[in-house]
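Student: As annotated in TrEMBL:
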- 8-103: domain 'Pyrroline-5-carboxylate reductase catalytic N-terminal' (DOMAIN)
- ILE12, GLY13, ALA14, GLY15, ASN16, MET17, ALA73, VAL74, LYS75, PRO76: NADP(+) binding site (BINDING)
- ASN60: NADPH binding site (BINDING)
- 168-272: domain 'Pyrroline-5-carboxylate reductase dimerisation' (DOMAIN)
Amino acid sequence: MAQVLQKRLAFIGAGNMANAIIGGLRQQGLAADLIYASNPEASILAELQQTYGIHTQTSNLEVARQAEIWVLAVKPQILRQVCQELSALARQQRPLIISIAAGVTLEMLGDWLGAQDLPLIRCMPNTPALVGAGASGLYANAQVTEEEKASAQALMQAVGISLWVEEEALIDAVTGISGSGPAYFFLAMEALAAAGEAQGLTPEVARQLSLQTALGAARMACENTVDVAELRRRVTSPKGTTERAIQSFEAAGLRQIYQDAVQAAVTRSQELAQELANASK
Ligand SMILES: NC(=O)C1=CN([C@@H]2O[C@H](COP(=O)(O)OP(=O)(O)OC[C@H]3O[C@@H](n4cnc5c(N)ncnc54)[C@H](O)[C@@H]3O)[C@@H](O)[C@H]2O)C=CC1
Ligand SMILES: O=C(O)[C@@H]1CCC=N1
């Protein structure tokens with residue numbers, strides 16, 4: 001973090017994910033003065049400015065001009081236009097450019113920015129960054145220096161864990177596991193609460209029991225040195241209630257359901273790359 005504290009950050013696109021990272025950085029004590037964000041919607045910027053005290057502008061160029069690190073946080077389908085808008089400045093200013101867009105390859109980014117020799121990082125974060133519990137995967141091109149890698153690592157570590165992958169294609173796997181992953185756990189919490197309601201609990205009691213159980217299980221899994229499968233076994237008394245529930249999950253093919261769901265997300269990430277490449281032709 002010490003290194004990033006010296007750097008000015010520009011978030012180009014200030015939606016859900018940028019918000020989560022900015023919120024996490026502010027909670028970690030990063031000075032508001034070092035953070036800039038742009039978005040076409042003035043109302044979004046006003047809220048960000050009010051909540052976090054950061055610099056905001058509707059102009060991407062003005063915000064980018066201020067910063068040494070750019071975080072490209074627009075939807076994949078808009079990123080080409082944004083890169084083209086910033087390309088001359090990128091070549092002149094040579095910031096470290098971090099894209100968090102799903103499915104957008106470093107080669108596409110280089111094409112859209114008009115130069116393949118810019119320092120570019122592909123990063124796949126997730127929204128729990130907002131509460132300092134994010135998980136990010138990172139991949140850098142050959143132009144990124146060790147110092148810049150350390151800055152990107154420190155930036156993402158300020159809001160959670162941050163891991164480098166060895167091949168760019170593995171960012172699609174990261175997207176399928178942790179980028180989209182919070183939604184899988186939210187769905188599990190919704191489903192467990194709904195099952196509680198079906199058993200006669202009030203919605204509020206079912207919701208609280210579901211959420212607290214998810215929190216407790218996640219904390220035990222992360223804070224304990226014991227493997228999660230062993231933690232599961234410790235809940236599962238022989239001939240008891242959990243055993244029946246786990247048998248029901250296994251019979252329904254839950255493990256395969258996870259494999260299929262992650263594969264669907266990874267395939268979509270690859271498809272996005274293909275669609276964006278076709279649209280660039
Ligand atoms: N939401 C998530 O959980 C995650 C999202 N991502 C990636 O982050 C990126 C942003 O996703 P979200 O924040 O969910 O989307 P979002 O739609 O909430 O945010 C994008 C923002 O960009 C703004 N925008 C539109 N055109 C613009 C332009 N020309 N210049 C600047 N800003 C512009 C929009 O007004 C919007 O506020 C996507 O590429 C997505 O793949 C990555 C990991 C997780
Ligand atoms: O759903 C999406 O496409 C983005 C990328 C990962 C999480 N949200």
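Each Cβ is built from the backbone N, Cα and C atoms, and glycine gets one as well.
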Student: Given a separation of at least six residues and a C-beta threshold under 8 Å, show me what packs close to LYS75 (NADP(+) binding site) in the same chain.
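Tutor: Set apart from LYS75 (NADP(+) binding site) by at least 6 residues yet with Cβ under 8 Å, we have GLY13, GLY15, ALA101.
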Student: For ILE12 (NADP(+) binding site), which DSSP three-state class applies?
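Tutor: Looking at the DSSP assignment, ILE12 (NADP(+) binding site) belongs to a strand.
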Student: For a quick check of packing: other C-beta atoms within 10 Å of the C-beta of ASN16 (NADP(+) binding site), how many?
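Tutor: I count 9 other Cβ atoms within 10 Å of it.
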Student: Over all pairs in ILE12, GLY13, ALA14, GLY15, ASN16, MET17, ALA73, VAL74, LYS75, PRO76, the listed NADP(+) binding residues, work out the largest Cα-Cα distance in Å.
Tutor: 14
Student: Far apart in sequence but close in space: which same-chain residues, 6 or more away, have a Cβ under 8 Å from ALA73 (NADP(+) binding site)?
Tutor: PHE11, ILE12, GLY13, ALA14, GLY15, MET17, ALA18, ILE21, ILE100, ALA101
Student: Give the helix, strand or coil assignment DSSP yields for LYS75 (NADP(+) binding site).
Tutor: coil
Student: Using a 10 Å cut-off on Cβ-Cβ distances across all protein chains shown, tell me which of the binding-site residues (ILE12, ALA14) has the largest neighbour count.
Tutor: ILE12
Student: Which residues in the same chain, at least 6 apart in sequence, have a Cβ under 8 Å from the Cβ of ASN60 (NADPH binding site)?
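Tutor: In sequence order, the residues whose Cβ lies under 8 Å from that of ASN60 (NADPH binding site) (at least 6 apart) are ILE12, SER38, VAL82, GLU85, LEU86.
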Student: Under the DSSP assignment, what numbers of helix, strand and coil residues are found in the domain 'Pyrroline-5-carboxylate reductase dimerisation' (168-272)?
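Tutor: Reading the DSSP string over the domain 'Pyrroline-5-carboxylate reductase dimerisation' (168-272) gives 87 helix, 0 strand, 18 coil.
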